[in-house]
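Written out below as structure tokens is the structure these notes cover.
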């Protein structure tokens, strides 16, 4: 086969796309410069954290066991912690190597495959592995996630040996499932949306897919290798078995994260709190104003209508009897966020208050005008402009502080199995959105959540998707900025696209030159974003 | 429509008090139930988990069933633990009942605000576990079973000799006889022991097999449990010690400046040279490997230099061990700070634990950044840490359970090596003073500099004394001359 030439494999290997918009989940991005870690607490001189060295996480499990979902979620969390992490999906390499339209050989996964299939397999794996070495050795990477089936113990042992030769630790994570329901749901959700199954009924498609897997990969050995470091996740986190040969800090931390992860798909909505009576005061913790009440009502109606239409759309698509997941509401303990949830509460939805979700503490800048801040804290303003993510005003919190404080919320967010509406201050929404969409930390302080939009985030196994739902008929003056927000330099609120060059203060343009918040609050109209999935799921 | 459970729901609306009654704890309440034969490190794990939780600010308490039983039978014979000994069985059951009922009261007591209780007993039968599970469920408390399984005979015997012969049950008895009796006691437990198995898979549990080399984690249902499991997973029960030392006296110490990255002074260098022999003097078992940890600042690296050269021990530098960042006050003397930032100076005295320097850190911030250090320390065996005053206070407080309001005021003198050895019933502390003079960097609350603000009045003074007494209570060194007023330190810089 001509396609086996290594040169071609190199030419065809997956290209990581560059980040183009903050509305795209950046989890598969290759940042050009050193990442600014959202919640990094400190680093060591090597740039790698916790004296942990370099680790390859190797997934193990048949298709439709949630491996890709787990890899992506884990990468998201590790990057959030500041650990330089990248995912290598072997499937991407396979697809890049086998020409479009051509099937892989039937015996591709067989133990006793033909020579040509073995060769093909080896070449694909080799290219993937070379990329992993390059990332860990030359790009200061700390964790590479190698996402593949790895069905045989012998193969796993030789992988571990191979990486050990390069002084790289291995940690295997197996997704193991004996609950047919979980497997079926997974197949339905991520596997049979492919063009191959267009005219099939979901039931037939699931059956066909599962039969194909078992004929393709007849042999699968669950992990029992006591000499390897592994974590076996049983039935999507119901039980974890940890075989700890030499777990370091990060491996234990990964177990901690996995204990909070599930593979169910659910939506997260973000909404702002309504305007309050004494909006500028942080300490006053005022109640909603009449306009705020009006907003709370309209936001609730809008969300309800949206969910109803989503449900209808699913039923129209042939999923008769489709039910939405129940909705839960989280608010901070601040009065106006709780009061914004009132109409949802009256409709019978559970409302939970989370003390960690209170807004960025503005410190001494509370109630001060921008002009006054500039006059009184000129040096602080200058520092802030250089690093808006880490800088804190006197007695205030930085976004970094807020991110560290929000870590329990992030883990509970992963743990939650119901749809979730988060009503919080813009600063909190920025940080949570930054986590879910893997935003560069430098962009986080500038993310925008105008009051007339509810953000909806839908997790797909390969990446998250964000879209914005417009809340109609709100008075113009409550929409653009946050009246209760910090009166500190922020870019013009008319800016919609990500602000170019924000992350590169060295060129002397730490923040946009074009002035700060425009008083008129004019915004460019925007279409709801929906980014189509670029990664095609494996139909093995 | 979603059902409503009382717990995390806001109160009905309509009134203006819509949000007022709703500020409630969103943490679940958890009873950690230890499971395992004696000498498997249960008390050690229980005690450590309790200290860890307290250290991160979560109210936690250990309920040791043995203590309840002991109040009736202070020093029982092994036969007392024979499951066929009805009298013994009845008394042990009664002890468990009083412990569980005290625990539930503790959870419901508004003053203690209990979040995590740890029930330390063998809880070795399914029947007993079911009983505890139901008791807790009825009281709206989650249960987390933590089973420690160990079949390494050496480790068990070691644990018996190291730990159990210190146990209150054997106070004043011959250690050899005590160990023998204890092995008998274990055999009695073994007769009735049932490990957690698939019939109990509805429970949330963790099984630690042979000191965490295999861990099975089942049905974790909330964040706090996952965090506890994460912590417990890092623990081991092998005997070891941890040594703590500040850096040798620095040039900044001499001039009374705080922070910075200065070199050590001549006397500091003398301490660095004396450190290897001081460590030996503190008692290091033969063939013990110790890892040296320092911060990334010059003064700690210089202090550990000779130790590393003489012993060849491995050394790691941690940014997380760097001194509390004093922001704009870095490299100032206390007098300059009081001059330039009088309000800050006062704010810091009022709440030192939470006070955050402008552009710098608070003690609370330091505790957060030390989390990986604590986890790593728990995973490690023998470690000597050369670091800075504020960081050392935080680490020390973790091991010796010093409350947040006292830890920032603790005195940790220069040129002193502290040896901590974890034991089942607490951490043993020994201090070894190098005979090398150094300035004191300790500043009492309200003190600007040395004698000028002395004496303190009333309540404030008492609080200072409380802090000192607590500090002495766990240590073996005496106070410096401060209380007696005989040798007020000449330099009393504004310490971090």
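Each Cβ is built from the backbone N, Cα and C atoms, and glycine gets one as well.
The annotation in TrEMBL ties B:246, B:247, B:248, B:249, B:250, B:251, B:252, B:253 to substrate, and of the candidates under consideration, B:227, B:273, B:280, B:299, the one tied to the same site is B:299. The region 'Disordered' annotation in TrEMBL falls on one of the ranges B:1-20, B:21-40, namely B:1-20. According to its DSSP assignment, residue B:247 (active site, tele-phosphohistidine intermediate) is coil. Of all residue pairs in B:246, B:247, B:248, B:249, B:250, B:251, B:252, B:253, B:299, the annotated binders of substrate, the farthest apart have Cα atoms separated by 14 Å. Sitting within 8 Å of the Cβ centre of B:246, B:247, B:248, B:249, B:250, B:251, B:252, B:253, B:299, and not among those site residues for substrate, are the Cβ atoms of B:262, B:264, B:265, B:268, B:303, B:414. Around the Cβ of residue B:252 (substrate binding site), the same chain contributes B:258, B:259, B:260, B:262, B:331, each under 8 angstroms and 6 or more positions distant in sequence. Listed in sequence order, B:386, B:387, B:388, B:389, B:392, B:412, B:413, B:414, B:415, B:416 are the same-chain residues at least 6 apart in sequence whose CB falls under 8 Å from the CB of residue B:246 (substrate binding site).
The average per-residue pLDDT of the prediction over the domain '6-phosphofructo-2-kinase' (B:24-239) is 87, rounded to a whole number. Taken residue by residue with DSSP, residue B:252 (substrate binding site) is part of a helix.
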